[in-house]
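Below: the structure, in structure tokens.
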């Protein structure tokens, strides 16, 4: 059989392994020495014999089958247990067991327990190289004790043998006894670790050395003791064949190798062939012991055991005595198995070396020679394997490579094994030292005794352990019991305390709960009465509670209301006094004239051309008392003719409702003035009488009934009974003392009927007029404030004979809408729309002066601009639309209206809820009623800090806050009327708002991610001449850029241009599908708009940015949608036409594109029923205004508001902030938060929180599908089904298109320059920052001479003679010629050097071309012109208004780009007064017109950036007019001064004056001549005084410095 492959890449063995197991030498290659598996193989030859700690004898003669041996052991054990050891059968079986048990290969290897019981060391703790063996109690633990029949008998003179013969007959013959004794002695010597003498070895084997054998011994090597050493030759090594095994060494059990299988019956592992008979035995070179044992060892014939799996070579002839079945014939049936009679040898025997020992070979030399040969073969083999040809087959090459690597690992394996052996030896020595008796015993015990002893010892240990554990357990139990008793005692004590504590706490909790319930009940009752305005009950509860703070608040409220009531009374009394004086004057004028024609209410005579002439005049028949009114009554213009034709009629006296009192009442009141004031209730009751026109007498019962009804109608503050019980009038009743019922609208209002709540609003407005008060109509947007205002005007014209003029101030965007409403509702009212160019406005002046108009509509701007025209008219009523623009008391509009315009009656219209700033609210009330609301600080103190004076904490609880708000409401209620849609207009269709989340396209996502993380926008690199390579662009105001990206990425022009080139479009504009594929919002619109058009729903689309509207127009053109557009650039005259076109019933335009700011105010677009807010505004009221363009009176359909919001973007934060603002505004006022101050740190933190991307819930981030969107926009089921079919058709059509693309752009469609990772973007950003930091290159600076060319004496002389310019020019020429001379001298002296320097100059010029090109040279302006400019600019800057505030303060210097980046994005040409002054100094302006352009540009920039009506906006308008007037004034002064100066100069030339005076005159003459020369076009050199010396400062820009130098250079030419 072939040898198995060597493990671990070792070289193949030349022959089979001779031992019972694979040789470990196979892993290291063949070795001539001892087996590497042994403990001594790595350490060289051992100085002594191998340790006999674990003897493993070789094959003996008695080889029995394993099964027979197991069957024999059972009766032996049973006989031993029955006490039958003397039975001859027992001794016979025991002898057979001893002979067979000497062979370890008779069965499977013993278990660890068997090893322990038989003296073998345990594999876990035993050592292979113990110095003393473990005593064995069985026959298998000793060396082989059986011998063949040819064994030599022991010496007859042995006393032990004699003793045994004397004891009686023995079953052994003499030779057997000698052999047995020799074996016992050898066993004892081996047990003590002593060497065996040669004669003892021969006696143990039962043989005598014969002469023939002794001669052959040197030639035959001794048999191998271990199966681990392979033969050195190519032949098969010695196996377990015939030949004696030396008893001085046996391989320990289990040392065959880590992977060696257990030995078979013959000691050979499975698969390993045994040695054929007759093979040469292998010598064992083991030091001197091997030399000693070699001549005495003789081959022993052994019978191999029966093979278990396969046949083995035939053994030699076996004597009958060695048969495995039959006992030896020479033996008696009983065999000596008891070793008891043998006395062990206690004395150490000396080592005996026989004399006849032959001279053998030196094993060390043989070992060295073998090692040399092996090393040479290994080296040769490695060379062969390294030089193998490359044409070998793959499997052969693999085997050769494995063999080469194995040979190279040989030394490493040797070192590793040596280290392992060293470690094992060290450990073994330590264990042996600690337990010296582990491997020896002095007394041999039988197996039974050992077992009994072991059993008793085990029982004793178990008992001791049990007692110890029991004692310890009792100790622990006592401790635990004590701890348990201790805890139990304290637990009972603690439980009693807890019960007591719980009982006390329960008592107090119940008491507190009951008290809390009672307090809550009282507080709820108090709040209920407070909300129900039951002040008497509320005060009683406050008295019961004895809450000082609430009582103090109520006391303060009473004081404030009492003060305001007194102020209202004073105001009304003052107005009545004014009316009396006015009427007295009229009466006197009438008496003086004697007979007066019919006059109007304003004292002017009526004629046929006036508007009043068309109104009917009420007349009464003197005798019958019949009154003619309405159509039966004569017209005012035809009154005199009608009275002549109808005698007996006269003009009926005016009632109290139309006139504050008759002349008789006035006289009575005048007489009553010196008398003490009557109780407040009586005059009010008299005033409240409204007599019926048909009957002058009214009963007292009716009068009282009317009074009570009027009180119940208007007094919503307190009940009538409570007011009468206190004997006081309520604040509201005092304010609206005079009441008048209004049941229907004026006859002048046509084409519509007012709704009931609008009639109530008209009644409230008329009540304000009757009580000489002004107020705020603050109905919610869409409830018809414009219509109610027109109703008031027509009512006053018809019933009060107030013909006007009425001044209505409106925003420019709503002026056309007002005109449209007037034309529709009151066409008979003469109105003037005062707007347009200056020439157009001047055309209205004659009509305004004649007074032939009723209403003048104008804007805030023209009120300020044309106040010199409009303020001359005495207005009867001033009405301001969008009145919240007046919230700033210091704004220009408020100041102009208060100071220049005369209008006793004022009305504010606003649909926006009142803001949370008290000064703004006070500003509105102060504008309306300056005599009542005088001081802002007092007003703010009333409501802002009620406890500031008491020293208590200012924080207010909910109840106190409600009291403060009610206090404010109580103050506002007489002057403010506000109704909500849900309260007054039940039939108005509902408005449903949906927020639709839109996904981003891949382009949007990439741009958004980098803008959010780094604040940079990706570009294609074209701005840096790196087109296609990519780049970045840092932009300010990151939030604005993120909003642009969310709307549409093409709002960045370079992105669209790069993409158009990438997609193949020309002109830099993207068209077609890619317009909506680039934006998620546009893609949603592309799905929604076709459905809305198919179902005839008109759409209002509101955007924040006009550039986005332009992109949307391209999309509408691509889809073929008809649309209209209105933004801030739309002219006022065009707006009305756009509204009319869109609102027409059959209009083809179904989309109206509006900007939120320009188109969200005052427009009436109720023909649309769908509002799409493309992007939300920071101010939520702007979006509400936009929604109410459609959701207003007249709307017949349900209104759907769709607010688009990009998912996971900054728009979600803006929407959340807007909702928060709306929630705050619902309270109207929050106590303690009126100032609304926030630090810059808080604002930055808020913006940072918006920029941070937070993870949202998946449900919130879910983009709705088509079905969800259809549910949002569908009004009923039929529309929903239609929309679903349209979606299905669209998807089918897209599927049929072979070139179809996804609805939104994906990343694989993007160009390479936009797909950058974060590291690349960081690199590009750093490059851009470095370029900004270091610049693009150096710039050549010119040399500047700051020294004076003339001395002071020379300069004075030149001034006197007038030759200053000539002298300076000469000096300049001298310097230049001197410089040229130096250059020419240097050039002539070194021509080569000059050539080099010229080359260098040329190179430097080429290098400097990267800088800014030289500026255009400017010649200085005339001094007179510069002086004029400075004078005008200084006058404009120093202008102050009436309050002493300098208007130009914010215009002097603009904020930097970092502070206000939005300004520089919106304003293309920023300019301020500082820059204007610099340009004047640098002679940039050639005339006053150039200066005027920049000043007007400055004002226009302010008006563009700021909201209309803001303070800066108004100041810019004033500064424009100031500049114009100052310029005209200076030009006039200049003309007059020119004439006077000519006269003065003539007189000065004739007279003789001082020298200094003559010098000044000459200077003036020189300036005059120069100015005239310039006007004629001639050129003169400027004088010294007019020459602008270049000055370099840090503030000047490089460009201006170069212009200065170039300007000075032009003087040299």
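A Cβ is built for glycine as well, from the same backbone N, Cα and C atoms used for every other residue.
Swiss-Prot has this to say about the protein:
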- 1-23: compositional bias 'Pro residues' (COMPBIAS)
- 231-249: compositional bias 'Pro residues' (COMPBIAS)
- 259-286: compositional bias 'Pro residues' (COMPBIAS)
- 302-327: compositional bias 'Pro residues' (COMPBIAS)
- 579-588: compositional bias 'Basic residues' (COMPBIAS)
- 1577-1587: compositional bias 'Basic residues' (COMPBIAS)
- 1332: SUMO2 cross-link (CROSSLNK)
- 460-532: domain 'HSA' (DOMAIN)
- 11: phosphothreonine (MOD_RES)
- 188: N6-acetyllysine (MOD_RES)
- 609: phosphothreonine (MOD_RES)
- 613: phosphoserine (MOD_RES)
- 626: N6-acetyllysine (MOD_RES)
- 695: phosphoserine (MOD_RES)
- 1390: phosphothreonine (MOD_RES)
- 1419: phosphoserine (MOD_RES)
- 1536: phosphoserine (MOD_RES)
- 1541: phosphoserine (MOD_RES)
- 1593: phosphoserine (MOD_RES)
- 1597: phosphoserine (MOD_RES)
- 1562-1565: motif 'KIKL' (MOTIF)
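Comparing local CB density within 10 A for the modified residues 1419, 1536, the maximum falls on 1419. For the modified residues given as 188, 626, the lowest number of other CB atoms within 10 Å of the residue's CB is seen at 626.
Taking the motif 'KIKL' (1562-1565) as a whole, pLDDT averages 44 in the prediction. Across the domain 'HSA' (460-532), the DSSP tally of helix, strand and coil residues reads 72 helix, 0 strand, 1 coil. When the modified residues 626, 1419, 1536 are ranked by how far their Cα is from the Cα of residue 188 (N6-acetyllysine), 1419 comes first. A distance of 73 Å separates the Cα atom of residue 626 (N6-acetyllysine) from that of residue 1536 (phosphoserine). Rounded to the nearest whole angstrom, the C-alpha distance between residue 1536 (phosphoserine) and residue 1419 (phosphoserine) is 28. For the compositional bias 'Basic residues' (579-588), the number of residues in each DSSP class (helix H, G, I; strand E, B; coil) is 10 helix, 0 strand, 0 coil. According to DSSP, residue 188 (N6-acetyllysine) is assigned to a helical segment. Under DSSP, residue 1419 (phosphoserine) is assigned to coil, being neither helix nor strand in the three-state scheme.
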